[in-house]
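Input: a single structure, listed below in structure tokens.
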Amino acid sequence: MGFSTDNIKGVVLALLSSGFIGGSFIIKKKGLRRAAAASGVRAGFGGYSYLFEPLWWLGMVTMIVGEVANFVAYAFAPAVLVTPLGALSIIVSAVLAHFILKESLHKLGMLGCLMCIAGSVIIVIHAPQEHPITSVQEIWSMATQSVFLLYTGSVVVLVFILIFHFSPRCGHTNVLVFTGICSLMGSLSVMSVKALGTSLRLTFEGKNQLIYPETWFFMLVVATCVMIQMVYLNKALDTFNTAIVSPIYYVMFTTLTILASVIMFKDWDGQSGGNIISEICGFIVVLSGTILLHSTIEFERSSSFRGGCTPLSPSLSAHLCSGIGDYIFNEEDPSSEILYSRKQDSHPSSEILYSRKQDSHENIPGLKLPDLRDL
């Protein structure tokens, strides 16, 4: 595939964007931890104290810079070329999480990161050229075609189901709930971002698109989708390991975005079957890498937990696995974690508190241990 000047600009901006966004994950999570330690209520459980934490806002500014670069990239290159380059943000966030947040990244996890990059490169090599667009009204006609309206309606229905049905029940135990909401809304936001970015680019070229109501509608969609993404991405980052959230979010977001782009902008029209198959193979490589990374980190966490704590009774284990328990981190000693489980409202005074060290197998006595027969 021959790279045009616009495609090169899009790739460079997308790479810069991924670096900023990957770093923002770490900065924001540090801010979330500080806010939770100060207020006692975490974002994953409805807390909004992070809005008063300067470190979280620094992470937001970093993310905004990355998103602006990404926004401009979509104005120059097709979504199927720009979106896969978000794999770099996985590498940045996973590596920084390993060194800064003390979230272990196994060697096989590093291999998974490399697979994500390799798959993204395959996609980029075989990505199509963007079809020329002359006005926002042309984009509007693409957005209102029946197939894309069906996709949009399906996304809205799924998001409502995830938010109002699954989120209260298993949002804090299943990483796919929060990341699914972010990814579904993200696919719509990218289509609107591309429409808005193209409109602004045409305006700067002397073809004013701000006089059309379609431009302002796309701007409203972008604002709505981004706000929803921000809230549920914060919940995901605060509830689950960063090195797990980042790759899963990347895979779901990238897959849905490219699907939406193929439907709306007909990116695969005119491409040979070989190029399309190569792009699909690239997705498989990326997906395999993220699964490897996810499985490795989960194994590390479960092994460390078993090694650092004494076995729990079946009754207590049921309480912890039911989603009642949660992790609290000591900011002064990031290598330590305290796992607590509160009993039901019928025994509000009963509380079990365990702590462990990741770097050793030394058990630290529980601060308060109730009679297990009451569980």
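Cβ atoms here come from the backbone N, Cα and C positions, even for glycine.
Since the structure is predicted, the reported quantities are computational estimates derived from the model, not experimental observations.
As annotated by TrEMBL, transmembrane segment applies to 6-27 (among others). Through the fold, the transmembrane segment (6-27) approaches residues 55-56, 58-60, 62-63, 65-67, 69-70, 72-77, 81-82, 85-93, 96-97, 100-101, 124, 129-130, 237, 242, 245-246 of its own chain, all at least 6 residues removed from its boundaries and within a Cβ separation under 8 Å.
Residues or ranges marked as transmembrane segment in TrEMBL: 48-65 (among others).
For 71-101 (among others), the entry in TrEMBL reads transmembrane segment. Tertiary proximity for the transmembrane segment (71-101) is limited to same-chain residues at least six positions away from its ends with a CB under 8 Å from its CB atoms, namely 6-7, 9-11, 13-15, 17-19, 21-23, 25-26, 29-30, 109, 113, 116-117, 119-120, 123-124, 127-130, 190-191, 193-194, 196-198, 200-201, 241-243, 246-247, 250, 253-254, 257-258, 260-262, 265, 267, 279, 282, 286, 290, 293, 334.
Among the features that TrEMBL reports, transmembrane segment is placed at 108-127 (among others).
Positions annotated as transmembrane segment by TrEMBL: 139-163 (among others).
As annotated by TrEMBL, transmembrane segment applies to 175-196 (among others).
Positions annotated as transmembrane segment by TrEMBL: 216-233 (among others). Beyond the transmembrane segment (216-233), the same-chain residues lying 6 or more positions past its ends with a Cβ under 8 Å from any Cβ of the stretch are 136, 139, 159, 178-179, 181-182, 185-186, 188-189, 192-193, 195-196, 199, 210, 245, 249.
Counting same-chain residues at least six beyond the ends of the transmembrane segment (240-264), those with a Cβ under 8 angstroms from any Cβ of the stretch are 22, 25-26, 29, 78-80, 83-84, 86-87, 89-90, 93-94, 97-98, 101, 103, 105, 109, 112, 116, 142-143, 145, 147-148, 151, 155, 175-176, 178-180, 182-184, 186-188, 190-191, 194, 233, 283, 286-287, 289-290, 293-294, 297-298, 301. Here TrEMBL flags 240-264 (among others) as transmembrane segment.
Outside the transmembrane segment (276-297) by six or more residues, the chain places 80, 84, 87, 90, 94, 103-106, 108-109, 111-116, 118-123, 125-127, 241, 243-244, 247-248, 250-251, 254-255, 258, 268 with a CB less than 8 A from a CB of the stretch. The transmembrane segment annotation in TrEMBL covers 276-297 (among others).
The compositional bias 'Basic and acidic residues' annotation in TrEMBL covers 342-362.
Annotation comment: TrEMBL describes 342-375 as region 'Disordered'.
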*Sort out the residues at least 6 away from either end of the transmembrane segment (175-196), same chain, that have Cβ-Cβ distances under 8 Å to it, and list them.*
70-71, 74-75, 79, 83, 136, 139-140, 143, 152, 155, 158-159, 162-163, 166-167, 214-215, 218-219, 221-222, 225-226, 228-229, 232-233, 235-236, 239-240, 244-245, 248-249, 252-253, 255-257, 259-261, 264-265
